[in-house]
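One structure below.
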Amino acid sequence: MVQPSEPEFEQAYNELLLTLESSTLFEKKPKLKKALPVVSIPERVIQFRVVWQDDAGNLQVNRGYRVQFNSALGPYKGGLRFHPTVNLSILKFLGYEQIFKNALTGLAMGGGKGGADFDPKGKSDNEIRKFCEAFMRELSRHIGPDTDVPAGDIGVGGREIGYLFGAYRRYRNAFEGVLTGKGISWGGSLIRPEATGYGLIYYVEQMIEYVNPGDSMTGKTVAISGSGNVAQFAALKVIELGGKVVSLSDSKGAFVLASAESEGFTPAEISQIADIKLLHHDLSDAAFQRGKFKYIEGARPWTHVGAVDIALPCATQNEVSGDEAAALVAAGCKFVAEGSNMGSTMEAIDMFESARVNAPGGTWYAPGKAANCGGVAVSGLEMAQNSARVGWTREEVDAKLKHIMMTCFLNCVNTAIEYSSEKTDGLPSLVKGANIAGFVKVAEAMLDQGDFY
């Protein structure tokens, strides 16, 4: 199941294992314990070379991957990541998380992940197009609307999805819903670019309402990491709902408010960040109002933002350490919800969970597989629209997204309460609720289909 050289996958596996074994699930449903070693090995792993030519005429070669992890609930579904750090361990971790995340949406989707160790930064449009065509030349053999429907991820945005879809259409002579995140005029869904960020905030709204009925995002101070798609739209939704965004970051450093009294990020400033990121430039290139922000090179925002109500990791895996989690708890942060996948280390999760159990009104943590499932949920809605050859309005898709996030939250809460072994009257564990709810749905489908017995 877990190889010594796969630390990211091992972390994801151990987190799920710990959650399941510390609950009453296997006491109440002992047969499902047999599913764990089966579900933890991918149904199929595809690895291939991608040979392409750069603008200087030089031959280049990269590694391409697709991890088709589990199809018990529907076609494999999960993003493609183009980044030099991509390896099999990272893709297995992402695909593993994707199985249970997709299950939490309530839609008919299995779990998978793929990508390549290709770095789009500094590449011309022509080079990216050539790479996408070379990548899809092999991938097109293994995907299809009823088999495997990839989407975008880090390094794969609308431009790359367009090149990949065009290559698939030419190779297979078929116009079909084989990728999500497509352009609106050729099969895409409204709200898809915003979905992960918006869905994250809809989930946090449910957390706030559960803790204090009638309360809302209005007046809340929110620290956000990252500056990509998820962070941008989460920030815009926070601002729309009356909250104050005090930080954004990238891999090189973080912008935080210079003073607690300063106005938070504005939509215009976030639009400027979006333009910078579209060009694959660094966040530090932003020309913000002098004195409003301070840029901290090489830092993440968590220990520099001071007192905040909400923290939203939206950058990458393991971006909140145990010490940073302790700083957030000490600063009075009440809600932490991951827009990134496995954004917190095990030490950080332990810190948040300890604060939830031991402190009245302590920090309440929501893992990425629940809090950020809005993106794949709208991908699933895009698949549904493609299958019916229809397009829904922005309002229709947004209403469905909000309903999915509310249902996901209630599922996590109710499952945590049902299977909890904790002796506390405090807040239920959303980590346990998300892991158990997703696992049970997948395991029961696998049992019915004879994947284990």
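Along the chain as shown, the residues are counted starting at 1.
Yeah, the Cβs are placed from backbone N, Cα and C, and that goes for glycine too.
TrEMBL entries are annotated by machine, without manual review.
What TrEMBL records for this protein:
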- Lys113: active site, proton donor (ACT_SITE)
- Lys77, Gln98, Lys101, Gly152, Ser379: substrate binding site (BINDING)
- Thr196, Asn229: NAD(+) binding site (BINDING)
- Asp153: site 'Important for catalysis' (SITE)
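Comparing the binding-site residues Gln98, Thr196, Asn229, Ser379 on other C-beta atoms within 10 angstroms of each C-beta gives the minimum for Asn229. Restricting the recorded positions Lys77, Lys101, Asp153 to those with a CA within 10 Å of the CA of Thr196 (NAD(+) binding site) leaves an empty set. Of all Cβ atoms in the shown protein chains, 30 besides its own fall within 10 Å of the Cβ of Lys77 (substrate binding site). Residue annotation for substrate gives Lys77, Gln98, Lys101, Gly152, Ser379. The furthest Cα pair among them is separated by 16 Å. Apart from the site residues Lys77, Gln98, Lys101, Gly152, Ser379, the chain places the Cβ of Gly78, Gly79, Asn102, Met109, Gly111, Ala151, Thr180, Gly375, Val376 no farther than 8 Å from the centroid of the site's Cβ atoms, the recorded substrate location. Among the recorded positions Lys113, Asp153, Asn229, the residue whose Cα lies closest in space to that of Lys101 (substrate binding site) is Lys113.
Cβ packing within 10 Å was compared across the recorded positions Lys101, Lys113, and the lowest neighbour count falls to Lys101.
Asn229 (NAD(+) binding site) sits 19 Å from Lys77 (substrate binding site), taking the Cα positions as reference. Close to Lys113 (active site, proton donor), meaning Cα to Cα within 10 A, are the following binding-site residues out of Lys77, Gln98, Ser379: Lys77, Gln98.
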